[in-house]
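**Q** Have a look at the structure that comes next, please.
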Amino acid sequence: MRDQDSDLWKGFMFAFLLFLLSSLQSLFNHQYMYSCFTVGMRVKTAVMGLVYRKSLVISSAARQSCTVGEIVNLVSADTQKLMDMVVYFNAVWVAPIEIALCLYFLWQLLGPSALAGIATVILIFPLNGFIAKMRSKLQVIQMCYTDSRIKLMNEILSGIKILKFYAWEQAFLERVLGYREKELNALKRSQVLYSISIASFNSSSFLIAFSMFGVYVVVDDRNILDAQKVFVSMALIHILKTPLSQLPFAMSTTMQAVVSLRRLGKFLCQDELKPDDVDREPYSPGGNRQTRTGTFGWSKEGPPCLMRINVRVKKGSLVAVVGHVGSGKSSLLSAMLGETEKRSGHVSVKGSVAYVPQQAWIQNATLKDNIVFGQERKESWYHRVVEACALLPDLEILPAGDGTEIGEKGLNLSGGQKQRVSLARAVYRKADVYLLDDPLSAVDAHVGQHIFERVFGSEGLLKDQTRVLVTHGLSFLPQADLILVMVEGEITEMGSYLELMARDGAFAEFIRLFAGNERKERSHRGEDGDMMSSASIQTMEAISDTEDQKQEVLGKLTEVDKANTGRVKLEMYVEYFRTIGLALIIPIVFLYAFQQAASLAYNYWLSVWADDPIINGTQIDTDLKLGVFGALGFAQGVSIFGTTVAISLGGIIASRHLHLDLLNNVLRSPMAFFEVTPSGNLLNRFSKEVDAIDCMIPDGLKMMLGYLFKLLEVCIIVLVAMPFAGVVLLPLTLLYAFIQSFYVATSCQLRRLEAVSRSPIYTHFNETFQGASVIRAFSEQERFILQANGRIDHNQTAYFPRFVATRWLAVNLEFLGNLLVLAAATLAVMGRDTLSPGIVGLAVSHSLQVTGILSWIVRSWTDVENNIVSVERVKEYADTPKEAPWTIEGSMLPLAWPTHGTIELEEFGLQYRKGLDWALKGISLSIQEKEKVGIVGRTGAGKSSLALGIFRILEAAKGDIYIDGINIAQIGLHELRSRITIIPQDPVLFSGSLRMNLDPFDGYSDEEVWRALELSHLKSFVSGLPDKLNHECSEGGENLSLGQRQLVCLARALLRKTKILVLDEATAAVDLETDNLIQSTIRTQFDDCTVLTIAHRLNTIMDYTRVIVMDRGLITEMDSPSNLISERGQFYLMCREAGLV
C-alpha cells in the first residue's frame, strides 16, 4: 500500500493467496471435526450398551443404591458429556501450540514488548483454571439434586394413582420443587463464575493489545506504531483468540467428562451377582435340584435372610412353601435363582428354569409377545397354555385379542390378569424347574382352582416338571409331595401333608386353627386388579368412535412420542422470551449494542493512531491515545460480563417457569392421560428437555447474540473503508440466508427425530431394570441386550446425519466468508491511490474474521433452534385435558364434612371414553350412615368403576353422587378426596421415610402415627428398625415385603379416619392370620364409618348389612347376605362355589 511503485499483480497475488489458504483451513478443520464426532458417537453408544449390560447383572444389594432415575441420568447426560469431551479434547494440547506460534510472530514484530502480551495470557489462565475447578464442584452438587428430582418424578409417575386417591399431589409437588430450587441455585452460582470466565477471555484480545502496544510505546519514544505493525499484530491477536476461547471450553468439557467418568465408574464397579452361586447343570433324570446347608443374605453385610437351608427335591415333585408374611418364602426362591448373596453352602439346579414373581412383571408389548417371550410360537401349545391359565375369557374382552398392546407395567390389565399372563409366560417355556412365587394370590377362587388343576396338579400341563410353589392357599397343600414350613428365614418343618399332620407340630396347629375357615378361605380371592379394574379393559383401549376399526388400532394403547414437523414456530421463541420478561430483555440488547460500539470505537481509534504522521521519528500525544484506547477496551469488558450474567439469569427464570408449568400440567392430568402416555416420554421431558432449557439455550443465546453483533461491526468497518464492498456484501448476504434456512429446517427435524427415538431407550432401560430377575431366570439376557442395542442404533441413525449436515453447512458458509476476504483485498489493491493504509489494515484484518464468525453464528443459531424444540416439547402437555380444579375458591364446604357418611347415587353412569360401552349404566342407590356394604361380581362387572366414580378419578357421564347431601361434582377434587379414604389393591410406597409415607403433610403427631401403626400390627416391626419412623423406604418400597406394604396402606387409612372408607379388598398378599387381624381392625376401628368393600373373598362380607351384586354395569341383586342366600340368585351361586353354603 505504501510502496506506490510496486506492481499491481503482486497485490492481486497476495489477495488470492489469502483466499486460498483460508479455504484450505476450512476444509481441513471440518474433516477433522467430522472424524471427532464419529469417534465420539461410537464412544457414547459403547458406554450406553455397557451401562445396560451392567444393569442386568447388578446384585440385589447394589440395586438398593442405584435407582432407575440414576441409570436414566447416566445414559442421557453422562454419556453425552463423554462424547463432548472426545470432540473438544484435542484443543487442550493444540491450543497451547497455536498460542506459542502467535507469540513468536509477535516477538518478531514488536521485539521484547511481546513479553507483556505473554504475561497477560499467563495471568488469564490460572484465573480460569480456578473457576473451572469451582464449577466442577458445583456441577457435582447440581447433578445430585437432578438425580434426586428425576428419581422422585419416576416414583410419582409410577404411583400417580395413589397420589390422586389420597389427594397428595401438593405434598409431592413441593418435594420436587424443593430439589429443583437447590438445583437451580447451584446452576446460578456456576453461571456467574462462567460469566467472569467468558468476560476475561473475550476481553483477552484487547488486554493483550493494550499491554503490548502500551509497553512498546512507553519504553522508547522512537518506537512508532504504523499501519503495518498495528494491523499485523491485531490479526495475530485475533488468531490467538480462537485457541484462547476454545481452551476454557475444552477444559470445562474435560472436567465434566471426568466427573461423569467417575459416576459411570462407580456404577460399573457395583457388586454383581455371582453366576457360580448356583450350579446350573444340564438336565438328567433322577434328582432335580438341591440346596445343602445354605446361608444366604441380600447383601454382604447385615443379617442373613435365610439360615441353615437343607432341601433336596426329586424330579417331577410338587413342593409347597408356606409361612407368615416376611418369613423368607420369596427369599428362598431368590436363593435358588442365585439372586441373593450366598454366604455358605451349595445350590445346584438341573435343567432350565422358569420363574413367576410375586408381583407380575409385564412388558409394554402385545399380550402375545408377553406370553411367548422370545420363543417361537407353536399354535397348538400356545392355545393349551392360554386355556390352562384361564386367559380365554380375557382374550374375548380385550379389543384386539392377544394382539392388544399392554401398557407399561401392565397398566390396562387387572391384578389377576397380570398374574395369569406372568404364569402363562412361564408355562409356555416348557422348562424343567418351575419356581412359582404365590401365583394364585390375585385370582378368583374358581379361577385358582382351575389353574391349579390344569397347570400344577397331578393332571396339569406341568405334571412331569419340578414345581416349587409358594402359597397362602391351604386347600392345595394335601396335593403337595413335600411341604416346607418357613419361620424367620429357617425351614422349621418339612414333609408331606400327612406326615406333618401326624407330627402335630406348629404346622398341624395352624391348619386346625384355620380348618374352620379353610373352606371359606378358598372363597373369592381378588381378581379385580388395580382400581382400573378389568371393567376398564374393554374400554380403555379403543381410540376413536368408529366401530369398524382395524384390530391393530384397537389394540394400541400407548401413544408413541410424536415428532412435530417444519421449523420451530415463532411462538415458541415468543413464549420463551415472555417468560424471561421485558425487564431483562431490554438491558440485554442495550448492553450488547454498547459492547460492540466500544469495540468498534477502539478499533477505529487504532487505525487513526496508525495513520498519525511521524514527526522527527516520533508520534505525538502517545499517552493520551493509550489512555483512550484503554478506557474503551475496559468499558467493553464490563459490558460483556453484564450481558452474560443477564442472559444466564434470564435463562434460569425461564427454565424455572417452564419446569413449574410442566410439573403442574402433568400432576393435574386425569388418570386416562397416564394410561396412554409412557412414563419414558414424561421422564424424557423432565430430564433431557429440562436440562436443555437450563443450560443449552442460554449458552446458545450468549454465543449467537455475541457473534451477530460482531458481524454487524465487521460489515460496518468494511463498508466505511470501501463503500464498493456493498456490491459484494449484498449477494453474499442473500446466499447466506438461503443456505441457512435450507439447513435449519433439516437440522430441526433431525433433532426432533433424535429426541423421539430416545424415549424408547429410556422406557426399555426402565422395564429391564424392573424385570431383571425375570429376564435372568429365563436366561433371556442376550435377547434384551440385542433389543437395547437396536434401540440405541436407531437413535444414532437420526443423530449421525445431524452433525454431517452441520459440517456441510459450515464448509459452504466459510467459503462465502473467504469470498468476502478476497473482495476486500482486491478492492484494496484497486483503490490503493485513495485509501489510507490504516483503514485498509482495519478492513482486511476484520474481514479475515468473517469466516469464523459466520460458522459460529450458524452453530449457535442451530443450537438455539434445536434446543428451543425442548420448549416446544415441554409445552406440549399444556394443552392436554386436565382434571377438575383441586380446590374451589370460596367453597361453602363445612370443615367436618362428611359428618354422617351417607352416599346417594342417582342414575349414575360412567364411560371410560366417548363411544365406548358404559361401565356403569344408570345406577341408583342410597347408603345410610354407618352401613357396611359389600360389592361383589365377576371380573368386569363394574365394581371398581363404582369406586372410581366416588373418587371422581373418572367423571360422571350422567347422573350425580351425593355425599351427606352435597353433590360431589360441585366441590374441588382435593376437598373430596382428602375427606374420604380408600385402601387400594396395589400397595404403593414412595422412597423417603416411613413417616413421610404415612403422613406427607406432617399433619399428625408422632403419638397418632404410632397408634395407627399399632392398630395395623406394624408396631413391633417398626420399633425393631434402627431408625424407627425415619426408616428409609427404597424406591417403590422394595425393602418391605408385599404384605408389610399392604399393612402400611391400612395404617394410612387409620391415620386419616374419615367417615367413608372404600376397601378394594387388599388382602391378597397376606397370610390368613394377618388377614384376620386386618379384618378385625377394620371392624372395630371403622365401626362408626360407612364402609364399602369391593370383595374378593366372600367370607369377609358375610356379616355386612348389605351386599350389592353387580353384573355388566348394573345392580342385579341387593339385600342382606342371609336374604340373598335364601333367594337362591346369583349371590347364592357364588357362595356355593366358594363353599360357604
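Every residue, even glycine, has its Cβ placed from backbone N, Cα and C.
Feature annotation from TrEMBL assigns domain 'ABC transmembrane type-1' to 1-256, 588-866. Positions annotated as transmembrane segment by TrEMBL: 7-26, 86-107, 113-131, 193-219, 576-594, 634-654, 711-739. What TrEMBL records for 273-513, 903-1137 is domain 'ABC transporter'.
Could you place these features in context, so I can see how deep they sit and what lies close by?
**A** Sequence-distant neighbours of the transmembrane segment (576-594) (same chain, 6+ residues past either end, Cβ-Cβ under 8 Å): 635, 639, 642-643, 646-647, 649-651, 653-654, 657-658, 697, 705-706, 709, 868, 871.
Long-range Cβ contacts of the transmembrane segment (711-739) within its own chain (Cβ-Cβ under 8 Å, at least 6 residues beyond either end) map to 596, 599-600, 603-604, 809, 812-813, 816, 819-820, 823-824, 827-828, 831, 835, 839-840, 842-843, 846-847, 849-850, 853-854, 857.
Here the domain 'ABC transporter' (903-1137) returns a mean pLDDT of 82 for the predicted model.
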**Q** Who are the long-range neighbours of the transmembrane segment (634-654) in its own chain, taking Cβ under 8 Å and residues 6 or more past its ends?
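**A** Distant Cβ neighbours of the transmembrane segment (634-654) are 184, 187-188, 191-192, 194-196, 198-200, 202-203, 206-207, 576, 579-581, 584-585, 587-588, 591-592, 594-595, 598-599, 602, 693-694, 697-698, 701-702, 705-706.
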